Every structure is written in C-alpha cells, then in structure tokens.
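In what follows, a structure is listed as structure tokens, so that the remarks can point back to it.
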C-alpha cells in the first residue's frame, strides 16, 4: 500500500502543491471579504497566517522522517513546501506591520519591547531569509556541501517559531504543547548519536 501511494505521489505535479498551498490563503481572503473573522479580525488574520506558516514549516521537516521510516518520498515537493512556508511567514509579519502597527517603526519597536515573543518570531523570519534565497539549483551548485549546512537553520527557525507561538498564549493550550512535542520529535530524528564501540 505504501509503495502504491508513493508511486501515485510521484505523479503529482509541483504546480498542484503550489495550488494546494495557496488554498488556506484563499479561504482567509474569503473570510475577510465575508466579514466572518469575529470581533478582532486583525488578530485573527495574524494568528491564522502564523499557524499556516507553522504547518508548512513542520510539513517540510516531516519529509525526511517519512522517507526514512515510512517509505514515502516527498523530496521533490520540499522546495515548494519550504517556499510556501516562507511566503506565509512574510504575510504573517506584514499583517502585524501593516494592520497592527500601521507601518510605524517607533510603534513596532515599542511593541517588540512590550511583547518579547515578537523578537522570537522576527528571529525565526531572519533565519529563514537565506534559506528562501538559496532554494534554487544555482545556489545548490554554488554552495556545494555548505548548502546543506546552511539549510540546517530551518531547525532553530522552527523552534523559535513555536516558542513565539506558545509565548503569545496567555495560557498554553493542548494544541501548543502538541506543536512543541512534534518539533522536538522531529529534531530528535535528525540527531546523529555516536555508534557504540561494543
């Protein structure tokens, strides 16, 4: 069954992944247009974009364990998933900067000091910038082995993103702990323990 599913996945074109990736954004736009985001639409837009970004970031990290432990190969879609994650991170940041801060730098700076969890989110964004810029074949050829080392930054970036998400909660809900547990588990699968000499 796994082999059949893997064969089917290989037939899915990249454009279908991109199309599916923008469906959450289309739904959010629909909710905005239909005025169906509750009493605080700005906060809802920010939170939804942030959570979608986390979904894609974690989705990108799940690809290697799925191939290694399950036998499903999503590697050909990793670039699309990673870039979709970055796009949603940018949209999340823009929603805060434009709708919440009104593009006022002084107000944004005050907000950073008032809500330190924002620093974790912006730090995650900064770490993701070089990954997005080098997500192309030319960069892979130019950087060689350093490309893989550079893209390890996705792990601290995701961890910072989850901390940002948890910290902004007044009370950490079950969903938040699940996010953290999943990220820690994914990080654990990438740790190479030294082999025993016995």
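Cβ coordinates come from backbone N, Cα and C, glycine included.
Since the structure is predicted, the reported quantities are computational estimates derived from the model, not experimental observations.
The feature transmembrane segment is assigned by TrEMBL to 12-32 (among others). Same-chain residues lying 6 or more positions outside the transmembrane segment (12-32) and placing a CB less than 8 Å from one of its CB atoms are 41, 45, 48-49, 52, 56, 76-77, 80-81, 84, 88, 91.
According to TrEMBL, the transmembrane segment annotation covers 52-70 (among others). Residues of the same chain lying 6 or more positions beyond the ends of the transmembrane segment (52-70) and with a Cβ under 8 Å from any Cβ of it are 2, 21, 24-25, 28, 77-78, 81-82, 84-85, 88-89, 91-92, 154-155, 157-158, 161-162, 165, 179, 182-183, 186, 189-190.
Confidence for the domain 'Ferric oxidoreductase' (61-162), expressed as mean pLDDT, is 90. According to TrEMBL, the domain 'Ferric oxidoreductase' annotation covers 61-162.
Under the heading transmembrane segment, TrEMBL lists 82-105 (among others). A Cβ distance under 8 Å defines the sequence-distant neighbours of the transmembrane segment (82-105), meaning residues of its chain 6+ beyond its ends; these are 17-18, 21-22, 24-25, 42, 45-46, 49-50, 52-53, 56-57, 59-60, 111, 118, 121-122, 124-125, 128, 131-132, 135, 154, 161.
Residues of the same chain lying 6 or more positions beyond the ends of the transmembrane segment (117-138) and with a Cβ under 8 Å from any Cβ of it are 50, 79, 82-83, 85-86, 89-90, 92-93, 96, 111, 147, 150-151, 153-154, 156-158, 160-161, 163-164, 167-168. Sequence annotations record features per position, and here TrEMBL assigns transmembrane segment to 117-138 (among others).
Outside the transmembrane segment (150-170) by six or more residues, the chain places 50-51, 53-54, 57-58, 60-61, 82, 89, 115-118, 120-121, 123-124, 127-128, 130-131, 134, 143, 176, 179-180, 183, 186-187, 190 with a CB less than 8 A from a CB of the stretch. The annotation transmembrane segment is assigned in TrEMBL to 150-170 (among others).
The transmembrane segment annotation in TrEMBL covers 176-193 (among others). Outside the transmembrane segment (176-193) by six or more residues, the chain places 54, 58, 61-62, 64-65, 68-69, 155, 158-159, 162, 165-166, 169 with a CB less than 8 A from a CB of the stretch.
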